[in-house]
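What Swiss-Prot lists as FMN binding site is 22, 23, 24, 25, 59, 101, 214, 306, 307, and the listing cites sequence analysis. Per Swiss-Prot, substrate binding site is recorded for 27, 163, 164, 165, 166.
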């Protein structure tokens, strides 16, 4: 059997294969209330039907002010739980495990009214200037991640991912470009890591399942985070109880990274080796052979697929065929699953 289609354990959760649907914002909550819609059900469940092992839902805001846009999913109140519970049931029906990415946009929120950040520095000249979070407000953010994690548990999710990448709030705290604080949340790396550590520990108070953290392994900017900065971060995350790091890049500043097949895989490889923690690799991974090479050469433990799964919900089926594997079809589709 290929490694791509071998089982993988995240704590006590067993994935049927190592293909993960990357969290990708769909901006499709038309009522602006954070509640998942029929679109979300069809979108995510179709990828589970296609054979994906773990489906991670898009950035789901823990505070209303933490949305990237008004059209984002949310878990800041109990009314948002039932629709997600139904969606999780659909994922489980097709044998996929269900993950959710808990997030706060910070200064990258595009919303009416006040937005917040670790320091009062706008994303760019076209963006609103955020208000610097007080220590009390930071503690409330941490508490809201905990509350959202509890709601995720109530909805039946198997995995929680904490979004600490792509220039959103936690990433803003981690990077010296966006964190100019002079208190115990700013300055040295250990201080800048504090909010993420506090969030992980708070989530663990109500959640005993696996925790993944998504990071941006480089800011692609002078004075920003580089790969070597993430080795100690990853070691601290491991000590705090994180199971796996989902390794992306960029998003903190408005710069286009160099993009080519597998362009982010070396970052996952280096963090895996440098910190001794499991990683997920992503970045233009589009074929089964490519994914298999990454796993067999121990460059990562999971394959996180984004845009290819938008193009092709049956990526797992096609990857299996490329690797000479056969995977079980949904019974409703078995007559055509060749």
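Quick reminder: no glycine exception, Cβ is built from N, Cα and C everywhere.
Walk me through the surroundings of each of these features.
Reduced to three states, the DSSP call for residue 59 (FMN binding site) is strand.
Taking all protein chains in view, 13 other C-beta atoms sit within 10 angstroms of the C-beta of residue 27 (substrate binding site).
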Need this for a regression test: binding-site residues 22, 59, 214, 307, filtered to those with Cα within 10 Å of residue 166 (substrate binding site). What's left?
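Within 10 Å Cα-Cα: 214.
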Using a Cβ-Cβ cut-off under 8 angstroms and a sequence gap of six or more, which residues of the chain neighbour residue 24 (FMN binding site)?
58, 306, 307, 310
If you count CB neighbours within 10 Å, which one among the binding-site residues 163, 166, 307 has the smallest count?
307
Taking DSSP three-state, what's residue 27 (substrate binding site) in: helix, strand or coil?
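DSSP assigns residue 27 (substrate binding site) to coil.
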Between residue 165 (substrate binding site) and residue 59 (FMN binding site), what is the CA-CA distance rounded to a whole number of Å?
11
